[in-house]
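As written in TrEMBL, here are the features:
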- 36-57: transmembrane segment (TRANSMEM)
- 69-86: transmembrane segment (TRANSMEM)
- 129-148: transmembrane segment (TRANSMEM)
- 155-176: transmembrane segment (TRANSMEM)
- 188-208: transmembrane segment (TRANSMEM)
- 220-239: transmembrane segment (TRANSMEM)
- 251-270: transmembrane segment (TRANSMEM)
- 282-302: transmembrane segment (TRANSMEM)
- 308-327: transmembrane segment (TRANSMEM)
Amino acid sequence: MEEPGEEKLCGKWSVGCGFYNNNLKDVFTWRLVKTIALGQVLSLLICGTAVSCQYLAEARVETPVLQSLLNYTLLLLVYTTVLSTRKGDRNLLHVLKTNWWKYLVMGLADVEGNYTAVKAYQYTTLTSIQLLDCFVIPVLMLLSWFLLKTRYRPIHYVAVMVCLLGVGAMVGADVLAGRDQGSTSDVLLGDGLVLLSAVLYAVSNVCQEHTVKKLSPVEFLGMMGLFGTLISSIQLVVLETHAVAEVKWDLKIVLLFAVYALCMFALYSLMPVVVQMTSATAVNLSLLTADLFSLFCGIFLFHYTFSALYIVSLVIIIVGFIMFNAVPTYSALSESSSDETDLVQRAADPSADHINNEDLFLRSYCTSTIIQKPSHKLLLLQM
């Protein structure tokens, strides 16, 4: 029979890690199932863009800026139009007057993140890209910690390690299967571009999380469409005029461009919904399965060699994603605010002093925060 002391110790450990109870029904909720399903829909949309890009590459069409421009133009036509018809303080003109430069930085990070990621394929190996692209997750967690004041529990760090283990299994399967690793013309430059794209994606995703949770997804998508179209148009004129002129347009090429643009538009439209439900970090963990879905399609479409490690990798990543979302993160701002309120209430009600030392220890162990005055301004992100 378990001793009371051991039971209390296990309880403290469980709460500190984020496990408030052992009831699976409270962990595997309908919200978690919906989050997993939507995350995999996002991965399938990325798979659609990857397959269309592969076919375009086989047709010797290399126009990443043009492809991105089509997506931003669709966002402009739909969400920027909706934003312009709004009445009140958050319409298009008001947002431009007050926060134009913030959305310009956000749009620049997103556009250049897409461009540097695609450009990296010309210089480094597929294995390097798959491994280094995971750098976006620790950068996201770091930015969320400092800018969004998000706090993680031990289970979240374990979940991230599990997901990265799944990526390692996928890369190992690629190597064992002898899959074409692409260019190796300048590996150092290519690896640097991958890391740069990861940082830019992290900046864009943190800005997205702040905007969709504090303001609205329509505002984020509308401003992303406006500034994304503007930046991509300038970049197209500077970098890709010659490449676009060399494209041999036919029905197949037009359809491939349409598939890519529609998949990206759906991805950008759905992603804020999933971010609202979870976080940018959780969404990026779910997107780790996108490469696997692309590989499964490649087995049938491009005759890639199948490996059982692909299935193992998929299962490991999904298990890590479930672990990350099963226990919610918390905010240092809300915890500090709650602690200050408790102090005020305790001062007003002396009878509250009956709380024993063990409860106070358990609470401090769970929150792991020091009571302090929270900052009311987030650098760059406060809209």
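Note: Cβ is positioned from N, Cα and C throughout, glycine not excepted.
When Cβ-Cβ distances under 8 Å to the transmembrane segment (155-176) are tallied for each of 36-57, 129-148, 188-208, 251-270, 282-302, the top count falls to 129-148. Panel annotation: around the transmembrane segment (220-239), residues 65-66, 68-69, 71-84, 92, 95, 103-104, 106-108, 110-111, 115, 208, 211-212, 268-269, 272 of the same chain, lying at least six beyond its termini, place a Cβ under 8 Å from a Cβ of the stretch.
Comparison of 36-57, 251-270, 308-327 by number of C-beta pairs under 8 angstroms to the transmembrane segment (69-86) places 251-270 first. Beyond the ends of the transmembrane segment (282-302), by six or more residues, the same chain brings 35-36, 39-40, 42-44, 46-47, 50-51, 54, 130, 134, 136-137, 140, 159-160, 163, 166-167, 170, 174, 201, 205, 271, 274-275, 310, 313-314, 317-318, 320-321, 324-325 to within a C-beta distance below 8 angstroms of the stretch. Long-range contacts of the transmembrane segment (251-270) within the same chain: residues 38, 41-42, 45-46, 48-49, 52-53, 55-56, 59, 61, 66-68, 70-71, 74-75, 78, 221, 224, each at least 6 residues beyond the stretch ends and with a Cβ under 8 Å from a Cβ of the stretch. Distant neighbours of the transmembrane segment (308-327): 17-19, 27-28, 32, 35-36, 39, 153, 155-156, 158-167, 169-170, 172-173, 176, 278, 281-282, 285-286, 288-289, 292, 295-296; these residues of the same chain sit at least 6 beyond its ends, with a Cβ under 8 Å from one of its Cβ atoms.
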